[in-house]
Amino acid sequence: MSDQPGVAVTGASGRMGQMLVSQVGASDRLRLVGAIERPGHDWIGQDIGEAMGGAPIGVIVTDDPLQAIAPAQAIIDFTAPAATLEFAALAAQARAVHVIGTTGMSEDEIAALEPAARHAVIIRAGNMSLGVNLLTQLTQRVAAALDEDYDIEIIEAHHNQKVDAPSGTALMLGEAAAKGRGVALGDVADRARDGITGARRKGDIGFTAIRGGDIIGEHDVMFAAAGERIILRHVASDRTVFARGALKAALWGQGRAPGQYDMLDVLGL
Ligand SMILES: NC(=O)C1=CN([C@@H]2O[C@H](COP(=O)(O)OP(=O)(O)OC[C@H]3O[C@@H](n4cnc5c(N)ncnc54)[C@H](O)[C@@H]3O)[C@@H](O)[C@H]2O)C=CC1
Ligand SMILES: O=C(O)C1=N[C@H](C(=O)O)C[C@H](O)C1
């Protein structure tokens, strides 16, 4: 019996799922014990290594999350909100660390994670990269230093298959800016502009989402005033930055008290 925590990857055929399977497979601190896909997916029943076009690795893709999670000490989950809620309940039953990268969750869906967090560790972040988590801190600091003469705009760009907007990262950055300003994001977020919108409301935090091609993830936080603009920017050029953070979280969560955590906790920022 290995003392390396076993990891089950959900959404194993997805853009992030495949990246996570590769990274866990290459890790000398974690081992892959499960690969989960949605019912009806054509990878079900295949060895995940072969399905990804490589050598077999002895883990069969399943649509039975209970079976895949049973031997796991951590679940790394980059799927969709409804699936993530289902996995949270199963992870809690198994007392496995649930690392959630899924974005686009509503406030109600986020609140619905709470019962699971009473029994297991949940680590959730709209972006698992070190760079973006650092950028949230910089954003908060700059927002705290500037007054409302500096209009805050968050501009994000992603690939044409992304289904949610604004991105989870953009919302993290918005929360950080709002915190810096001492306001609630819900009171100042401007997420949709079209037609005769009227002049910009002072103090608002605006969001713009660009979708195109294979852009992995780019985020600007702009502070625009009369005569000058400050722009804080993060560009992800490789999905390994997200996967690396998720693996770090899976390890960090081992032996922690049940509850909800984020990547600032994991990274000690
Ligand atoms: N927090 C972070 O650092 C990052 C978060 N993401 C988020 O991760 C999520 C996934 O992104 P991608 O990999 O690009 O999407 P994708 O569409 O390539 O992959 C999602 C996978 O989940 C699977 N899935 C859906 N429902 C399922 C279910 N009930 N059971 C098992 N599998 C299920 C799909 O079949 C698909 O293979 C999105 O919400 C995205 O925004 C993406 C990158 C980084
Ligand atoms: O869907 C994606 O691709 C990404 N999603 C996350 C988000 O919504 O911010 C993180 C990253 O930007 C890639």
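Count begins at 1; order follows the chain as displayed.
Keep in mind that glycine also has a Cβ here, set from the backbone N, Cα and C atoms.
Among Glu37, Glu50, Glu153, Glu156, the residue that TrEMBL places alongside Gly11, Ala12, Ser13, Gly14, Arg15, Met16, Gly101, Thr102, Thr103, Ala125, Gly126, Asn127, Met128 at the NAD(+) binding site is Glu37.
Checked against ligand 2, the recorded positions Gly11, Ser13, His158, Lys162, Gly168, Thr169 give His158, Lys162, Gly168, Thr169 in sequence order as having a Cβ less than 6 Å away from one of its atoms. With a CB cut-off of under 6 A applied against ligand 1, the binding-site residues Glu37, Asn127, His159 are reduced to Glu37, Asn127. A straight line from the CA of Gly168 ((S)-2,3,4,5-tetrahydrodipicolinate binding site) to the CA of Asn127 (NAD(+) binding site) spans 7 Å. Summarised by DSSP class, the composition of the domain 'Dihydrodipicolinate reductase N-terminal' (7-128) is 44 helix, 26 strand, 52 coil. Residue with the densest Cβ environment among the binding-site residues Gly11, Gly168: Gly11, by other Cβ atoms within 10 Å. In this record, NAD(+) is bound by Gly11, Ala12, Ser13, Gly14, Arg15, Met16, Glu37, Gly101, Thr102, Thr103, Ala125, Gly126, Asn127, Met128; the longest C-alpha to C-alpha distance in that set is 22 Å.
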